[in-house]
């Protein structure tokens, strides 16, 4: 086993714990970036080009008939083939977290449409399921098993948010282990069926699963309910007769107490287990070889690589399987780099160079997100994230098309967890819902000053009644900082003056001259 440093990673801030790797025709593609995709790469899928120990990223494209694929972190992935001998395959992506910390329950099918030195195009389709649909989750696994000429996908484990009926203000954003049901998903007919097995009593997340033919082996994992890493080894056997499928589970000895480990396939029936954590405050630096033969599994310890001092002393690590026995490992850069969220990356090769050239990755390789998420478990377990399922090969990429992180907008300026004002106290690690309409993210409202900017309703001291009224009414809102400025810059309302009609001059009354004889005669007749 050899360890190689990947240097000059100028865009490493996108590669944060929870990402996934996809392998199409020997080329590795990155999926699950930090934050929402930008104009530079709206799909959020990148081709990884590793040349001369440098890692570069080139945006990939989707076909016109593709659906939208959010940048999911901690999803479950596996390869899907038409049959066991087929060379063409697709990737199945299920679950995961969006940048807003929403959990996804959708299933996406990704396939390669075209590939050239200039452009890579994928087709992404959302798959609808009927029956017992798995709930939204992350940190779970998905594998494909083959039996009697048929194949199904098997979903197990993971974590989800506390059910609505059980939520309180204190545990509103808390996560729990998913119920330990086994889901059989038939993509040909679009149906899903759940099975409850007595051998599976506790929920597991961030475990390892490897499949061969009709059997899946589940190893390790972390349970929130018991706060432990189970040393149990489970064997799931799926039989697909003409009638209803049959699923059986057997508990085997010889398991390993580990969570957030990475599995890479080095042969048709051989896998290598690396990384992970054996306790809340201790990484697992040992490596194991897993051999699957017929209906048996053998796990033996193997020589570990010469870990660098940075890896030995770092608090956390994360990575993905790159295929052909290679693993991409990352550790935090801490204060050693100018970019605060930059990471160091290594490539761990579990096979010799000659074997790496001769052997091809087989169809049995599966991939999973296998990492605890911040805030889910103990402080040490919080930041670990692992997934596996692609291959480390270089590809011919023009430097002119390489993704440049400097072209992107500052991620801190977008999203729900921004600092909206000087008095903003919204923190992703400590936030709890304030309004009854909030669930996984704080309520925000648009300030109409200038080009407009978003602020947290809670930071603006808005009551729930006022917030609902503003959301329903078609009026402009100005935040506390700009409300006075807006008033000062307002043009005074135009006063409409009423037009007054000119008054007509009074006619001068004629007075009688009583001195005339006619007037005297008139008065005499009047009083007679």
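Cβ atoms here come from the backbone N, Cα and C positions, even for glycine.
Curation does not apply to TrEMBL; its annotations are automatic.
Now, the feature entries from TrEMBL:
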type: BINDING; residues: 420, 424, 447, 453, 456, 459, 479, 482; note: Zn(2+) binding site
type: COMPBIAS; residues: 362-372; note: compositional bias 'Polar residues'
type: COMPBIAS; residues: 373-382; note: compositional bias 'Acidic residues'
type: COMPBIAS; residues: 396-412; note: compositional bias 'Acidic residues'
type: DOMAIN; residues: 415-492; note: domain 'Recombination activating protein 2 PHD'
type: REGION; residues: 361-382; note: region 'Disordered'
type: REGION; residues: 393-412; note: region 'Disordered'
Under 8 Å by Cβ from residue 479 (Zn(2+) binding site), same chain, sequence gap 6 or more: 420, 421, 447, 449, 453, 455, 460
Secondary structure content of the domain 'Recombination activating protein 2 PHD' (415-492), with strand meaning DSSP E or B: 16 helix, 8 strand, 54 coil
Residue with minimal Cβ packing [other Cβ atoms within 10 Å] among the binding-site residues 456, 482: 482
Binding-site residues: 424, 447 - member with fewest neighbouring CB atoms within 10 Å: 424
Of 420, 459 (the binding-site residues), the residue whose Cβ has the fewest other Cβ atoms within 10 Å: 459
Average model confidence [pLDDT] within the domain 'Recombination activating protein 2 PHD' (415-492): 78
Cβ neighbour count within 10 Å of residue 453 (Zn(2+) binding site): 16
